[in-house]
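This report refers to the structure that appears directly beneath it.
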Amino acid sequence: MAALRYAGLDDTDSEDELPPGWEERTTKDGWVYYANHTEEKTQWEHPKTGKRKRVAGDLPYGWEQETDENGQVFFVDHINKRTTYLDPRLAFTVDDNPTKPTTRQRYDGSTTAMEILQGRDFTGKVVVVTGANSGIGFETAKSFALHGAHVILACRNMARASEAVSRILEEWHKAKVEAMTLDLALLRSVQHFAEAFKAKNVPLHVLVCNAATFALPWSLTKDGLETTFQVNHLGHFYLVQLLQDVLCRSAPARVIVVSSESHRFTDINDSLGKLDFSRLSPTKNDYWAMLAYNRSKLCNILFSNELHRRLSPRGVTSNAVHPGNMMYSNIHRSWWVYTLLFTLARPFTKSMQQGAATTVYCAAVPELEGLGGMYFNNCCRCMPSPEAQSEETARTLWALSERLIQERLGSQSG
């Protein structure tokens, strides 16, 4: 079934596995009951665990509940054009045991993006995901597209972006998904993307700043800045600046900035506690790829927090997220040492669907409506480093970012 397959729940939990001759069914109002075909009887309690259950939430996107001439509930999957008597929400049942409340959080590090969106319909919502042709960006884009959103993959490499669009359409031919050119290493490209997006005259409900570069040899962009800093921070900063009027008109809207736990292992201030530009865009002699990446991820959280402080009064919230440790993706492809490291770590990492979960959680769950200025890991709020919480550093970084953009674009126009 599509719902179970998308959620990664093809296999049944051994504890909930039914004995031979039993079948799991649901009532119209969502209660689970069990049919014993051998003895031709039904009961509310699971035959092995004795638990009562009910299904959680609405039907997955594209599904509809109907009743046949005998009064039996059945389900229509309009996306894959199939009919079944098995409720797709059975993958997401909850125990009916009000006397024993649990403190276990609803989602965690093993949750997938599709599980978070289960039962949600995003028809009419517009989502932009940068760096969406592979990895967690692709899984983020795909998850929203398969739930009805109009998704735009904002990518530098249009050939790979078009392939990503095709892969999504192969899963559902009616998905509303497209690719647009965005090179974060070139401020003019960011400008052109924003102009092209605005020309579509569509709202923007979710902007996911996902694209990043990692472990690059030292290089300067055409704008004269160190590449990791511009791609991971400044390009996204400029993109949000250019689209903030659309976000505000589309409120409630959300910005999600993909950061990393590696932000904890660096600082961007000098010994006097002042923002040090030479640490953000270092010379070749002072450059270390890992440190550059860590600093850019610290910038991501500072930017997200300051963005939330500025735009939340206008209905736009922003949160930063850590997707997961050492996930195998194309982000590491610049040096063979990192490729080897990621390969060795692969058995202990999250899947890409799990890596996209925290991003999708912050972008979609109703309980975060109107809330921002936070940092999330494994679908749970956690505190970032003290440096990342500094409002003074965030304001200074914001002002510096504005100045860098004005100087670069001003010199180019001249």
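Every residue gets a Cβ built from N, Cα and C, even glycine.
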Phosphothreonine: annotated position in Swiss-Prot, out of Thr12, Thr26, Thr266: Thr12
Annotated stretch (motif 'Nuclear localization signal', per Swiss-Prot) among the listed ranges 44-49, 50-55, 62-67: 50-55
Phosphotyrosine according to Swiss-Prot, picked from Tyr34, Tyr61, Tyr287: Tyr287
Distance check against Tyr293 (active site, proton acceptor) for the binding-site residues Asn133, Ser134, Gly135, Gly137, keeping those with Cα within 10 Å: none
From recorded positions Tyr33, Ser260, Tyr287, the one whose Cα lies nearest Gly137 (NADP(+) binding site): Ser260
Inter-residue Cα distance where the pair is Tyr33 (phosphotyrosine) and Gly131 (NADP(+) binding site), in Å: 45
